Amino acid sequence: MKLGGIKSVENAHDDSVWAVTWVPATAIRPPLLLTGSLDETVRLWRSDDLILERTNTGHCLGVASVAAHPLGSIAASSSLDSFVRVFDVDSNTTLATLEAPPSEVWQMRFDPKGAILAVAGGGSASVKLWDTSTWELIATLSIPRQEGPKPTDKSGSKKFVLSVAWSPDGKRLACGSMDGTISVFDVPRAKFLHHLEGHFMPVRSLVYSPYDPRLLFTASDDGNVHMYDAEGKALVGTMSGHASWVLCVDVSPDGAAIATGSSDRSVRLWDLSMRASVQTMSNHTDQVWGVAFRPPGGNDVRSGRLASVSDDKSVSLYDYS
Amino acid sequence: MASVYIPVQNSEEEVRVALDQLPRDASDILDILKAEQAPLDLWLIIAREYFKQGKIDQFRQILEEGSSPEIDDYYADVRYERIAILNALGAYYSYLGKIETKQREKEEHFILATQYYNKASRIDMHEPSTWVGKGQLLLAKGEVEQASAAFKIVLDGDRDNVPALLGQACVEFNRGRYSDSLELYKRVLQVYPNCPAAVRLGIGLCRYKLGQFEKAQQAFERVLQLDPENVEALVALAIMDLRTNEAGGIRKGMVKMQKAFEIYPYCAMALNYLANHFFFTGQHFLVEQLTETALAVTNHGPTKSHSYYNLARSYHSKGDYDKAGVYYMASVKEVNKPHEFVFPYYGLGQVQIKLGDYKSALSNFEKVLEVYPDNCETLKALGHIYVQLGQTDKGQDFLRRATKIDPRDAQAFLELGELLIVSDTGAALDAFKTARTLFKKGSQEVPIELLNNIGVLQFERGDFELAQQTFKEALGDGIWLSFINQEHKSSIDAATSTLQFKDTQLFHDLENNGHNVEVAWDKVTVLFNLARLLEQLNESGTASILYRLILFKYPDYIDAYLRLAAIAKARNNILLSIELVNDALKVNDKCPNALSMLGELELKNDDWVKAKETLRAASEATDGKDSYATLSLGNWNYFAAVRNEKRNPKLEATHLEKAKELYTRVLIQHSANLYAANGAGVVLAEKGHFDVSKDIFTQVQEAASGSVFVQMPDVWINLAHVYFAQGNFALAVKMYQNCLRKFYYNTDSQILLYLARTHYEAEQWQDCIKTLLRAIHLAPSNYTLRFDAGVAMQKFSASTLQKAKRTADEVRTTVAELQNAVRIFSQLSAASNLHIHGFDEKKIDTHVGYCNHLLSAARVHLEAAEREEQQVRQRQELARQVALAEEARRKAEEQRKYQMERRKQEDELKRVQQQEEHFRRVKEQWKSSSHSKRRERSDDEDGGTSEKKRRKGGKRRKKDKHSKSRDDQEETEADMMDEQEMEDEEADINYREEPQTRMNDDAVENAQGLLAAAGLEDSDAEDEMAAPSSTLGRRRQALSESEEDEPLHRQSSPVRENSAEMQLSDGEIRDGEKTNGDDASD
């Protein structure tokens, strides 16, 4: 289990790169890498040479999140002004512009079947679900107010939702918030299930294991990656090693490893069987805001790829084997 | 059996007296002697016999009777015997005097002895034995020279007089002339081969002193053969045996010493040696008895010194430093020069160190060092003393010398290392490493403390891997290995996952599974340090287990609780952290560290009053000596002074004063306290003393670099604040950025906010906005940041619109930014229904209103700008055409001139033709020459034009440059206009700390901004109207001048022309094309 650097594009964007995701392969083209940056652009890259395919403009303020439909034809990008732009990957035609004021937009994720786009709603303490055929808001999953001792407390009572993750079967949705709690929802019934506790600092990224619908990995500003049994409400493991905030986490398609990116400028690969960091990549010179394993599919299924993006304006691609 | 026969008076009979059966009462014998008028030699024989049998009283009784005046009368003619009796008595009293320790009795004995000898001398001046006796007496009195004179008198008469020879030998020995003494003893032996053993003792002693140890030994052994009970010889041999310094020799020596003691228990030398022996065997009671006896029997300085030394050592080793000190002192007093016997100085020094009298100890050790300049122990002791006296450099010197002299003394390196820790950790580490290598080379076990120290130093230097190895080496094998190497994965996972930082179930389970969960007491510290290191390496999970292991075994180890609390705090788990600190307080409710930490946690929980109380308690727990608690209180006061809500200037001032006082108090106690200095700097800066505070911060910053344990990002920020306050924005920006990168991995949104604010003040709007966006991305729930971003966008737009000159693109960006600002403000406005984040909807609406207003204004501007752009484009086109036209015109002009000139020439020619018709012969010639001349001329003209063209090009470049500088000028003008606004804005800048006031300020600003925007627009318009007209006017003027000048000076002085062009370009304001256009219109 290791990572090998393939290519790194310096100045891939004109400013910090904040978001990355893979657009799955379609019948006519291989998978593409989608990145979003503070420079207000979204860029598409063809691997493995990371050739710039296209630059999408139109966002104001920085692009904070990008998401790709599992079929690979549609993608969404969102910026700090809380607009979501849904566009056709190949033609760059805008399919929809979504906003749900006063809810903000942070992380976005398409569900595994591609029917719903989940959007972390920031200060609205909710996750918005959009129908991907009509682009209408179908549900708002709100985190119930906790019975706090001090209801007037500025931060304590509200859950500021930063991140979302779908379970592989699409039935569960987990979201991470500023105060470190993770909320789990039953999507078909649009119902809040429970909180997962253990973090006390923002959870900026979380991801379900592709094989175990119960297993959830969370990355937090406290520098740790937690492993939860999301159904049993139990913390099953803690992985420490990063020197600063863990900003992003992604799980490998084979489910054997996770990759994390951190403010400490490193990308770490963790062996889940050993529950230990097996490799640290330190090619970035600033915070690593996104890591993404390439989903299986396309022509070269065998070779795993991991991409990372950073405040240093670069995009890096690694071979995962 | 020997016997004497006393002749019976007036008869042939004799009384037989068996010498071994002398009556106990000497009077019986005396009666016989007197009655029979026995010869005096018999008296002497009998007295001597009594003496030999130890019956001293009888001996003296007989001799005193034998020297009484009656006897003198009766035996008046028997001179020799009388002298002999007197001499015997003299010798006896000399001896008594010699062995007597009490000064008065001693004197009395010597006086008596002198009297007897003098009496003997009166009988016969020349009797050699009397002189010998006198000599001996003088020797006993220590008057060596006079004794020598006495012996000399005898030897002059008889050079083989044995007693005199012995006496003289003794004199020479005392004078230190051992070879002379030896010669004399040898002569005695030649003259009188059967002499007593004592003579050979003298030989032995001489040889010993001369360093001929083997011969000396032979001599002593011969003495013992002759006199097996000769104490001196025994002692001498014993000492020689001891000197061999081998176990066997020492044993033999001690046996002899013991024998000597048994024979004669009052030999001080033997006593001292025995005491010495028993000191080493640890029988202190015996030591004291022996030395006390020795002290009682001797008056000999060095011997006494030795005895005192033994006594002192005994007390020293028992830990009775006061007594030991007294006896060492006594011993030292008996020593004339340290060279003779230096040990007591060493001991005294040691005791004085113990008693804290470092100055005296210093002088004593220095005396030892004079004698043994290379003695490592002394060097180390001196090093230690200098450190205690605060002269660390000297201390280090001494220890360095010690390590140089004996580079294999691991202990010395260890001490040196410990010394250096304070001053030079690098050197300390080297010393420790050397010590470790030495221990290893000597295949000794390396002390755990040493490894621990090495590990800590490596830790401190940031060599985490090495430190980890060292700690592991120090720990050796144990249960911790399985935690560090994560063997019991499943159980550990369970333990960490429960998040129960106090959970010890894991260890119980391990114990139940038959694992040995033990932590040796001397390894706890190392274990703790290792855990601390793991924390540093971000392995906080493993660290937490190790801390818990420590607590499992040593539940009173407060630091472990506190570290666990710190880990919990780092994870923002404040409640757990407080719980853990409370556990620590259960162990010791006065622990200042725990209290301080609790105070800090309470602060974090916004529990101000409680925090203050806790911090006070911490401060009191240490009588105010704990800087941390005092500092925290200082910080508390500072924060209270600058806190957000309800500013009360009076309270603020008192809090600041109090904070300053507390910081100063810490600084008085610890002048090198970085945090206190930083705090003091902050207070000073708060009061506006920026130069002083800058100095302080700079110093603190310098001091804080270098150790992983001292992380002071605050001082960087403060320094940046000062730069900011002083208007040095570029440096402030750099400082903030460095701080952010160096300490926070660029994650601190607050510093980004400072950065944004600096950009704002520096009017770097785009940087400001970008920085704020980054901050928002880092801290999404901080709505204040959004508000600020909105304000920055608004400001950017306003300032762009105020610019006298801007491109359509700029205006377009402005419009976009204004739209963003409107969106941000409206989002905030919408969100404020949902959240409590301190924004008044109305204020936001005002902003929205203002932005919209600006937006509409901007649209007008945009149109204008676009129009202008169009015009410019048109003008440019026009200008191009005009330029071409002008070129054509100029060419035409030139052509015309040429033509005119040509015509003139032709006219002239005609005239000449007319005037000088009679030169018809040469007419043809004339014509041809003028033609060639003409051609030259035309060439000249052509060259001139091209030159001019080139010059024109140059001119254009210059103009470009100039127009740029004019842009700058415009900007500064714009700045000037902004200045009044900036003042308002300044309040706006404070809003980070104070949302409430900020809003008000902003409202004011808004109102003014609206007005200003309106007013400025007018001035803008005016500007635009006025500027072109005036410049045009000037331009025209300049041009007309130049046009006048040009033809005049063109050919005559090209230099002047250039200067004229300079003037021209000075006069020029905008683009050259435009000028040309005007030109054309002229």
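The backbone N, Cα and C atoms fix where each Cβ goes, glycine too.
Per TrEMBL, repeat 'WD' is recorded for A:10-45, A:56-97, A:154-195, A:196-238, A:239-280.
Sequence-distant contacts of the repeat 'WD' (A:196-238) (same chain, six or more residues past either end, CB-CB distance under 8 Å): 107, 162-169, 171-172, 174-184, 244-251, 253, 255, 258, 260, 262, 270, 275.
Broken down with DSSP, the repeat 'WD' (A:56-97) shows 0 helix, 22 strand, 20 coil. For the repeat 'WD' (A:154-195), the list of distant contacts is 106-113, 116, 118-127, 129, 139, 141-146, 148, 201-211, 213, 216, 218, 220, 222, 228, 230-231, 233: same-chain residues at least six beyond its ends, Cβ to Cβ under 8 Å. For the repeat 'WD' (A:196-238), the DSSP counts in helix, strand and coil order read 0 helix, 24 strand, 19 coil. Within the chain, the repeat 'WD' (A:239-280) has long-range Cβ neighbours (under 8 A, six or more residues past its boundaries) at 1-3, 201-202, 204-212, 217-227, 286-296, 304, 306, 308, 310, 316, 318, 320.
Helix, strand and coil counts under DSSP for the repeat 'WD' (A:10-45) come to 0 helix, 19 strand, 17 coil.
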